[in-house]
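Record features (TrEMBL):
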TRANSMEM  A:22-39  transmembrane segment
TRANSMEM  A:51-73  transmembrane segment
TRANSMEM  A:93-115  transmembrane segment
TRANSMEM  A:122-140  transmembrane segment
TRANSMEM  A:170-190  transmembrane segment
TRANSMEM  A:220-238  transmembrane segment
TRANSMEM  A:258-280  transmembrane segment
TRANSMEM  A:301-318  transmembrane segment
Amino acid sequence: MRFVFKTTYEQDIRLAKHAGHVFWYGLLLVLLVAAPLLLPEYLLAQLTFILIYGIVGLGLMLLAGFTGLFSIGHAAFFGVGAYAQAALTGLGWPFPLALAAGAALSAAVGVVVGLPALRVKGIYLGIATLSFGFIVQEVFARWESVTGGNVGKSVGAVRMFGWTADTARSFYLVCLVLAVLATLVCANLLRSPTGRAFVAIRDSEISAQSMGIHLARYKTLSFAISAALAGVGGALYAHQIRFLSPDQFDIVQSIDLLLMVVIGGLGSLHGAFLGATFLIGLPQAISGVKDYLPEAVGQAPGLKAVVYGGVLVAFVLFEPLGLYGRWVKVRTYLMLFPFYRRGMFRRQKAFQKSERLR
Amino acid sequence: QQQGVSKSEILIGTIQDLSGPIAAFGKQARMGMQLRVDEINEQGGIQGRRLKLAVEDSAYDPKKAVLAAQKLVNQDKVFLIAGHIGTAQNMAAMPVQFEKNIINFMPITAAREMYEPLHRLKYSFAATYYDQIRTALPKLVKEKNAKKVCTLYQDDDFGLEVQRGAEAGLKAVGMDVGEKTTYKRGATDFSSQVAKLKASGCEVVVLGTIIRETIGAIAEARKTGYNPTFLGSSAAYTDLIHKLGGKAVDGLYATMTVQHPYLDEASQPIRFWATKYKTKFNEDPTVFSVYGYSIVDQFARVAQKAGPNLTTDSFIKAMDGMTFEPDIFGSPISTYTATKHLGNELSRLSQIQDGRWKVVSDYVRP
Amino acid sequence: MPTQTTDTLLSARHLGVRFGGVLAVNDVSFDVRRGEVLTLIGPNGAGKTTVFNLISRIYNPTTGSIAFEGRPLTRQPPHRIAALGIARTFQNIELFEHASVLHNLLVGRHTHRRTGVLHDMLFTRSARAAEVEAREKVERVIDLLDLQHHRDATVAGLPYGVRKVVELARALCTEPKLLLLDEPSSGLNVEETGDMAFWIQDIRAELGITVLMVEHDMSLVSRVSDRVVAMNQGEVVAIGTPAQVQRDARVVEAYLGPSEGVAPAPEAIR
Amino acid sequence: MTSNPPAVSDLPVLRLSNVESAYGPIKAIRGVSLQVRRGEIATVLGANGAGKTTILKTISGILDPRKGSIAFKGEDITARDPAWIVQEGLCHVPEGREVFPLLSVRDNLLMGAYTRRDRDGVARDLEAVYRYFPVLKERATQDAGLLSGGQQQMLAISRALMAAPHLILLDEPSLGLSPKLTREIFEIVVRINRERGTTLLLVEQNANMALATADYGYVLENGRIVMEDTCARLREKEDIKEFYLGVKEAGVRGERRWKKKKTWR
Amino acid sequence: MQFLQLFISGIAQGCIYGLIALGFVLIYKATETVSFAQGELMMLGAFFGLAAMGGLGFPFWLAVLSAIGAMALFGLVLEKVVIRPILGQPAFSIVMLTIGIGYVARGLVTMIPGIGTETRTLPVPYKDQAWNVGGLVLNVEQMVVIAATALLCALLYAVFRYSKVGLAMQAASQNQLAAYYMGIPVKRLNSLAWALAAGVAAIAGLLLAPITFVHANMGFIGLKAFPAAVVGGFGSLPGAIAGGLVIGVVESLSGFYLPEGFKDTAPYIVVLVMLVVLPNGLFGEKLRKKV
Ligand SMILES: Nc1ncnc2c1ncn2[C@@H]1O[C@H](COP(=O)(O)OP(=O)(O)OP(=O)(O)O)[C@@H](O)[C@H]1O
Ligand SMILES: Nc1ncnc2c1ncn2[C@@H]1O[C@H](COP(=O)(O)OP(=O)(O)OP(=O)(O)O)[C@@H](O)[C@H]1O
Ligand SMILES: [Mg+2]
Ligand SMILES: [Mg+2]
């Protein structure tokens, strides 16, 4: 184990807790910046998707992982961001302006969706967000003058101040910058009173309230920030995929997003990106190996669903803390190395308690 | 150096739905394509090159379609993408392809965007849903002497195409759509839609429906004692309709471009083909098998014509000026020129009679 | 014992609340004077916790009113109570289970936050300064209550007694004027109860915080409280010094039981 | 009360040998061995976090021990399914009440008798419990989650009585009860022990009461048993007097208090 | 007349939602988790029925019974293999697990060659029959659904309200730890709950088969049953039916009287309105934590 000798409060507050952090995150950033030179175009496109979904994941992580509010309608915010971007850039707005407007619009929608969250919890909130998702999707399909309805809508490349990011490489860099910014914003939130208020609400509403936390305001805020990040992700998605149609923002998308943060590891920012890597990477990995499988299995329809569901089940069964949890264990093992004791991470018997009373 | 073409091999890609809502169709299209690929290779390939098919699964999700296209184009480096299923999926994948000068060859969707606006890399084979209904509806209206025509369509791009076709067709004979009703994909209850149609007294109902919804809507109508003439598009032209719908769906009309390959079909070549398919895959063929089969077949003919130096440009050159004669499945002549990238806009009418599809009209000239 | 001022910090007038058929609190009136330790005692189900819940606005009173520093509390939303200067602990311990002790205490600083969300997002200089200050304050409370050892432990794994102290610490972090303690010594052994008594005295004497508590341990009650309010079946039956109340026949009857009502254990009286 | 001990046989109903339990990497008890003889009331004393609750949880199967074994009525019950252990006749009144919040008080009590088949016996015990705690009868149809803290504690104890077990593990039964009820609870404990011959293992912060009620006591510190003896003798020991019964010299205290003040400044 | 006919259609459709919602509520009451796999269990039940009638040539009633039996067994195995190991984890884990199970079930069925991607009908004896009562058309298929739903609801209600096992299930869902302390065989009851839920799902699948056909994606109708369960109040069995009826009728009427697009969103709008007006649904209990 690493012991950090603390001499000032600053040390508790800093994002990078020790020199190791600085080194590894620095290295990661250098690699990410260099990726356009190192990776073939196909992998770069995947990486771009990972960054985009990672941004959305950050938002959902904030909401579900830290505030404890589960949204089964996040595709709605994602879609609002995407369509806003499509519509506004279509009107000739520069990229940053359209992005900001889209994020703001998503946040506003988030506030509206957050309203039921003030009164209901748990499964009720889940269904409320799910319902909202359906309604928003219907709006996408019906508001033809803006969204192009079911016919769909094409989106151009990123354009700002005379510069156009029309290659995969330049667009990747745009996404990278935004992903880093989003991560920093979330990390900052979590080390400040706002983030702590979120966690407090997750653990005990009644005592959060008696500590002076305005439940309604912070829940709404959490929804708004989460939706705004989903909106930013949606805007980038719109540029990346270049064609929007309402069925891209359906319940399946919402569930995918939720699965992403669960598999990544609820309650950690790393989890958002790990989950995104998983969500984007798994289908590609399956199609990579399916040709080596026997015809009856490899070419069978439904294979992807089975693997996807199977992996999800395996995660819940064996690694409820998600990819990030697994990584923490590996890291601890390495750090403790010869002193690691078996059973240190053995799952204890756990006992469910009614969450209806919280 | 042309990607996807080597001394010994041509690699073509296709994107199908293998795990989503229309996995049944995707699978059949894939098998149809594979059947023709194997035949061609048995016969010595194209200009001495073997044909290889790379299949990706989109699960009917545009995002996955983009990823699949990126893989096919940038990783597997296919020569072109053929028979990609789904409108939104094609729309999302095409920019990826066009960036790398990769042709989108004969997607399995009858949307107008597959050849409009004109693009040198877009080719489409089938009459669009729009054209099918636009041409067939006036004929049927005249035949039945109908005063009022209504529509029931799926609330998405496909349904909308049918609806617009109906509007355009009626306009040509000076009529209007009487009542428009919609449903969401996967709906099971059509009581209020049918009630609406019944209340407005429509004699012909145009169905922008696929399979289960076609049957569900007709069955609901029959139960409530409402018996108008139903007209579906080629999306409803599958054997499942009469297999599942039973007696209720007798009398349903549908437009179609290729004939369903019944195993006991009267036409000998079709019967032979269907049996071959069944032997190979142990499944009955459907129109989607035929689509897949024909697409690869047409590709092979163009590639053959393009000569030994196969490139995107030489392929386009061969394609613009290509004429395909009617095949065993009874498709009409289709021609392609530099300014016309849709093979033909013709379709025929079929009707379910005694629990099976019967062709009841020749190609309807607009 | 520090001198008491007679000025009233909180006054409850004719409080009543009914849950269905149960009249949990009925016409309860009392004053809490600035700087005193006032204890509510009474048999189980007498309505003591309910009084706390009324003050912290978790329940709405059916009748009556509460004033804090002369202002009516009844119109304040629940989350404003902490900002007004009232902090509380819970009978059944309501901590943020999945967070560390430090984190729990930092949440206690919430009412003193000076930065907005935007500052937090960007972690501006002022947000950083506020954060450092919050941590200083929290560390002082940790020192006071001897929690250094558990500072970074997750609450979920702490023994019951330590959690009680963490709850007290969290309440102190809000720097309240009035501290509501619901059974602070339950689950503590004699020694720890002794510590608790010292802490309560310190809190009152050093920090000048007024304390209103519910407690069943009569030795602790006699040791720290200036006055005692005895309740039974939702009503106040006696108000007075600990010794007075313990001699009250109704209190002995309903609460203390026959044998102990005579006199508290000798060492409890200081 | 203890002047007239019941027929305690030397046969242990419960025997722990060298039991070690941990929460993840934290070892809570290390090598605890103890036994409870048939018909006796045993008690475990210890400071906060000493591991008392952990011992009880390990016995009733809620926690699997890392090492050691537990035998109940001569049978090995180490790491068995908790429900099975209860059916064998061992009932546990947990720390912190743990009632079924959305079931009525009556249904809660009936759930206590889940393992029993004799309807008459259950009805009789229900009446007995109502007699001990009349307020439970008053609130029979109310949701248990809405009871006051002390009322829930009464319910938790009564629920265990409804099971009519051979051995009851009591974790801090007096928690949150009024002085009067605290004494009554201990009277009930003794009565059950004397009248039904039920064996009890008691964990209690109120050491005065515990030592007055129980026959045999163990002292636990940091997860280890550091002392064991009959309660009569334990009460005489200086250490016990000072740390558990609160009989101490003012000097020690005063010093600590002064130290406290210093750290605050 | 028009209105009445629509109303009746709505009731019938609502019973379908209610029937599926019963499954949700059952699992919720007994384990306090929400099973997203209920629709897929239903689909499997229908396929079992199909296999029994088509493959084994059983007569209808025997096929129904064997499908229910097979599904109950399947529920037991499912619980044993994947749910038991994480018993006691937060409810959310199990929700995720059921989503995973749903994917796998749908995928596996799709993978079966020659069956998976097909759509089929279940040849029930009462197929395509309708009664004409005073100008109103009553669909026999739907009447059977209504009758079965009412019966099932009454049965389940009695189990949870009056039987010791039913009470114990609820106790275990509210506080598992305490349930263990009381000697309630939590694991066995959990198995029982899932077996019951799978059985109910099989019934729903078989009853729905004539209406929706049998195919791998037929479980998606469960998404409409969620609003039904919520409108009724998630923990309440009669609520599930009531909620289903509300959703069904609203859907049917709004499809006729409101502009296009409302039919499909009306149930969700109703849910949102409901959650604002009556956050605990029609029959849900008002819950409040006492501190
Ligand atoms: N929300 C509620 N609904 C119904 N009854 C309630 C509610 N809250 C409290 N009660 C009832 O009000 C009475 C007083 O409860 P309260 O918690 O105030 O008691 P208490 O004096 O704190 O007792 P204890 O010392 O046991 O904690 C109890 O009988 C309890 O059942
Ligand atoms: N769930 C848990 N996770 C991690 N550590 C735990 C957990 N529960 C208890 N511990 C640790 O185990 C040790 C023993 O705890 P236990 O609850 O048995 O003590 P106790 O003697 O019952 O204390 P108390 O008198 O406060 O009830 C403590 O140090 C505690 O920190
Ligand atoms: Mg209380
Ligand atoms: Mg304990």
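Cβ atoms here come from the backbone N, Cα and C positions, even for glycine.
Not measured: the values here are computed from a predicted model.
Counting same-chain residues at least six beyond the ends of the transmembrane segment (A:220-238), those with a Cβ under 8 angstroms from any Cβ of the stretch are 51-53, 55-56, 58-60, 62-63, 66-67, 69, 71, 74, 77-86, 98-99, 102-111, 113-115, 117-118, 155, 174-175, 178, 182, 186, 189, 194, 198, 201, 244, 257. Taking pairs at least six residues apart, the transmembrane segment (A:122-140) and the transmembrane segment (A:258-280) share fewer than three Cβ pairs below 8 Å and do not count as touching. Residues 16, 47, 169, 172-173, 176, 180 of the same chain lie 6 or more positions beyond the ends of the transmembrane segment (A:22-39) yet place their CB under 8 Å from a CB of it. The listed stretches are A:51-73, A:93-115, A:170-190, A:301-318; of these, A:51-73 has the most Cβ pairs under 8 Å to the transmembrane segment (A:258-280). Of the candidate ranges A:51-73, A:93-115, A:301-318, A:51-73 contributes the most Cβ pairs within a distance under 8 Å of the transmembrane segment (A:170-190).
Residues of the same chain lying 6 or more positions beyond the ends of the transmembrane segment (A:93-115) and with a Cβ under 8 Å from any Cβ of it are 71, 73, 76-77, 80-82, 84-85, 128-129, 132, 136, 158-161, 165, 174, 219-220, 222-232, 234-235.
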